[in-house]
Amino acid sequence: VGFKAGVKDYKLTYYTPDYETKDTDILAAFRVTPQPGVPPEEAGAAVAAESSTGTWTTVWTDGLTNLDRYKGRCYHIEPVAGEESQFIAYVAYPLDLFEEGSVTNMFTSIVGNVFGFKALRALRLEDLRIPVAYVKTFQGPPHGIQVERDKLNKYGRPLLGCTIKPKLGLSAKNYGRAVYECLRGGLDFTKDDENVNSQPFMRWRDRFLFCAEALYKAQAETGEIKGHYLNATAGTCEEMLKRAVFARELGVPIVMHDYLTGGFTANTSLAFYCRDNGLLLHIHRAMHAVIDRQKNHGIHFRVLAKALRMSGGDHIHSGTVVGKLEGEREITLGFVDLLRDDFIEKDRSRGIYFTQDWVSLPGVLPVASGGIHVWHMPALTEIFGDDSVLQFGGGTLGHPWGNAPGAVANRVALEACVQARNEGRDLAREGNEIIREACKWSPELAAACEVWKEIKFEF
C-alpha cells in the first residue's frame, strides 16, 4: 500500500525550523500555551497543521496533492519572557491557501478551527504579516486620510467628534437637535452610537433625515463642512446597503458600520459601495474586547485593525490611552501606526512582530473615544498627532451649559493645544497650563474644566 495509516506526530511534517520564509507567505505569530506534557514544537506544529492542510490522521487523499506546496509551517518558536509555559510560535502560510480579497477566508483559515484544539490550553494570534502580493488584492479603505482631509477641507489638526447620548430612547427630532447643537458649537462630526440601528423609538429613515437637516443647518451657519456618522449596520446586507443608499441620496459625507458584529463580508461590500459613491466610512469595533481582551487567548486588536484596513474603513476606534477603556500606550501607538502609515518596521517593544508594507493601501484614521474630556486634550494631541479623530461623548453633552457650549469647550481646547504645539511648547509638561490659559478667553472651556477637574479613570 502506498500510504501508512494511523495517527502521527504533527511535528514530523509541520515543524520546519530551517524553513526560509518567502516574500509571498502570510506570517503569523501565535502565543501558545500547551497542555502540560505537550512539547512546544508539537504544539506549534499542531497550530500550523490545523490552520492549514492537516487533519488528525493520515488520509489517502494526501497522496493526490503536493503537501509541501500547501502546508503551513511552524518555522520558529521562542519562549515568552516572564511566562513559564508560554511560547510564541511563528507560522508561515503559502499564499495559495487564501482567496484573493477575502478577509473572511483569511480568518476562517488562520483562526477558524484551531482555537478549540485539545493539545492547547490557550492560543492567541498576536500579529500577522500580510504579504504585498495579498495586500494588492484588497481595495482597502474607501478613501483614506488624505482624501478625507481634502473632502472636509480640514488640515493640520485632529478632527473632533461626539457620540450622541443618551444612546437609546431619543426621538429622531430630538436626536437631530442634539446633532445640530454639537456641530454648531464647533465639532467636525457627531456619531450614532454603535447600538443605534433602527429601533421602535427611532426608525433609521427618520434619524437619517433629521440628522441630515441638522448637518446642513450647522454647515450653513459655521461655513465648515460637517458630518454625522449615520449607522448603516443592519440585520441583513441588503438592508445595510439600502441605508447607505439613502444616506448617499441625502448627500451626507459619511456613514458608519459595526465591522465585527456586522461581519467582514458585509463590511467589505459596504466599503466598495462607499468608494463607488463618495461616502466616507466610519468603523466601530463593538465586540472587539470579547476577542482581544484576554492576554493569553483570542486575537490581539492589532490583527483586527490590519484586517479592517484590508476590508475597508476610513475611521476606526482604537482606544484612548487616557480614558475609561484599557490600552497600553506603546502597544496602542503600535497599531495606530499600522493603521496610518505605509511602511511599519518590526518593533517588539510596541507589539509589532513583523515588518509590514502596505504598498500605498490608503490609511485609516484612528478614533480615540471613551471617557475623555478637555483635560485630556494635551495628552491626546501629543499621543495621536494630527491624523486622528478625538471623540468626546459625555465630554461634550455633559457640559453644565448644554451641548453647544460643550462643543465650544472641546474645540477651543483642541485649537489651544495645536497652537501651543506649533509654537514648540511641550504638551506633556505644560498641558494643564495651556488649558488654563485658554480658559481665560473661553467661559465655556472654563466651565468644562471646572466640572471634570477631578475625574480620573484609574484602576
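Glycine is treated like the rest: Cβ placed from N, Cα and C.
Lifted from Swiss-Prot, the feature list:
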- Lys165: active site, proton acceptor (ACT_SITE)
- His284: active site, proton acceptor (ACT_SITE)
- Asn113, Thr163, Lys167, Arg285, His317, Ser369: substrate binding site (BINDING)
- Lys191, Asp193, Glu194: Mg(2+) binding site (BINDING)
- Lys4: N6,N6,N6-trimethyllysine (MOD_RES)
- Lys191: N6-carboxylysine (MOD_RES)
- Lys324: site 'Transition state stabilizer' (SITE)
Request  = Rounding to the nearest whole angstrom, report the longest C-alpha distance spanning Asn113, Thr163, Lys167, Arg285, His317, Ser369, listed for substrate.
outcome  = 37
Ask   = Nearest to His317 (substrate binding site) in three-dimensional space, by Cα, is which of the recorded positions Lys165, Lys191, Asp193, Glu194, His284?
value = His284
Task = List the residues of the same chain that sit at least 6 positions away from Lys167 (substrate binding site) in sequence and have their Cβ under 8 Å from its Cβ, in sequence order, or write 'none'.
result = Asp193, Asn195, Val196
Fewest other C-beta atoms within 10 angstroms, as judged across Asp193, Glu194, which are the binding-site residues = Asp193
Task = Select the most exposed residue of Asn113, Thr163, Ser369, where exposure means the fewest other Cβ atoms within 10 Å, treating these as the binding-site residues.
result = Asn113
Query = When you average the Cβ positions of Lys191, Asp193, Glu194 for the Mg(2+) site, which other residues in that chain have a Cβ within 8 Å of that mean position?
reply = Thr163, Ile164, Lys167, Asp192, Asn195, Val196, Tyr229, Asn231, Met256, His284
Using Cα positions only, nearest of the recorded positions to Asn113 (substrate binding site) (Lys165, Glu194, His284) = His284
Message = Most Cβ neighbours within 10 Å: which of the recorded positions Lys165, Arg285 is it?
response = Arg285
